[in-house]
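Asks: I have a structure I would like to understand better, so I am pasting it below and will then ask my questions one at a time.
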Amino acid sequence: MTTLIPVPLGEHSYRIAIGANTRRQLPALLAAYTPLTPKAPALIVSNPQIWRHYGTDVQGALTQAGWQVTPCILPAGERYKTLRTVEKIYDAALSQRLERGSTLFALGGGVIGDMTGFAAATWLRGIAVVQIPTSLLAMVDAAIGGKTGVNHPQGKNLIGAFHQPRLVVIDPDVLATLPPREFRAGMAEVIKYGVIWDAELFHLLSQLPRLDCMGALPSEQFIQVLRRSCQAKVDVVSKDEREAGLRAILNYGHTIGHALESIGNYRLLNHGEAVAIGMIAAGELAVALGYWSAEAAAAQRALILKAKLPTTIPPHFDVEGLLALLQHDKKVQAQNVRFILPTAIGHGQICDQVPAELIRETLHRLQA
């Protein structure tokens, strides 16, 4: 059974299709829910590992339906999320003569999705992109909402564009080959939604015996977790597509999280691990400022630990360097570092007035 979640964004509206084996049903989903046709050449952008597992399924299904699709295989890893790597997509688009009616299919995790979306936003001033996320993090976050981009040496996602996909196809079966560490990273984003938007999701996660392994989760409950997480992202994005206000709430845990990723050269901590530490830090800031209760912060910490995610800053990280990186964050407003702080389970708020000394004290304490 395929669950459809509409993303209502006016002329940029689309659907999220969640269900087993949907990767092989891609042509039927495209025909039913998008205006896209196989008339123009297309690219499938992926990385070697994902292509080895699922490339044949997706390319075969599209080819059988009449699509002219060529793979574009990029190196795996956040450190390759750069303009130089995106140029490889442009080169493939040029060699395959992609035109304005062409489509880019993003088959991979958040890195592939972000780069493919950015390439689609900028090639010929914008062509269609279809997201086929293969990591939990991409399924519940990166593939939804139209944020695309690449990193700059001075900060994460500083170069980018908003470009909504025409369709998001989520096949939970592909998570069978996802490394456990990457599954846990995705669970950080799921917990985020529970903390700042969906109290029912938070309570559902609290009742589950384990959050660190897909195999330990009953399939029906896991689909419910997926659906509620996607719906949370849709609820926010549909109210604020371009992050003029409310959508910034989705950056909970990301202010410090992005700085942690950057200072570790995108190798020492993955995105979810960095966000988990960022949520712990934001929770402590919220308690210190009187916005949140210590009991709620403890409940958040319990979920993060249940997902076997880190809660402290690695001892060899330079906290003063972290503080400097925060000033380059794209969320800085009038030189004030913007934080998303929880006010209750399922609720959060934007805060631009967090004292710098409190941030410093909190980071040093989390490293102790």
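Heads up, the Cβ atoms here are built off N, Cα and C, so glycines get one too.
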Asks: Starting from the Zn(2+) binding annotation in Swiss-Prot that includes E189, H271, which of H163, H254 is the extra site residue?
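Replies: For Zn(2+), Swiss-Prot names E189, H271; of H163, H254, the listed one is H254.
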Asks: Among G110, V111, I112, G113, D114, T134, S135, K147, K156, which the record lists as binding NAD(+), how far apart in Å are the two most distant Cα atoms?
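Replies: About 21 Å separates the two most distant Cα atoms.
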Asks: What Cα-Cα separation, expressed in whole Å, is found between H254 (Zn(2+) binding site) and K156 (NAD(+) binding site)?
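Replies: Their Cα atoms are separated by 10 Å.
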Asks: Which secondary structure state does DSSP assign to K156 (NAD(+) binding site), in the simple three-class scheme?
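Replies: DSSP call for K156 (NAD(+) binding site): strand.
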Asks: Mind giving me a neighbour count for G110 (NAD(+) binding site)? Other Cβ atoms within 10 Å of its Cβ, every protein chain shown.
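Replies: Around the Cβ of G110 (NAD(+) binding site), 26 other Cβ atoms lie within 10 Å.
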Asks: At the level of the C-alpha atoms, what whole-angstrom distance separates D114 (NAD(+) binding site) and E189 (Zn(2+) binding site)?
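Replies: E189 (Zn(2+) binding site) has its Cα 16 Å from the Cα of D114 (NAD(+) binding site).
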Asks: Output, ordered by sequence, the same-chain residues six or more apart from K156 (NAD(+) binding site) with a CB under 8 Å from its CB, or 'none'.
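Replies: When sequence neighbours closer than 6 are ignored, K156 (NAD(+) binding site) has H258, E261, S262 within Cβ distance under 8 Å.
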Asks: Using DSSP reduced to three states, classify S135 (NAD(+) binding site) as helix, strand or coil.
Replies: coil
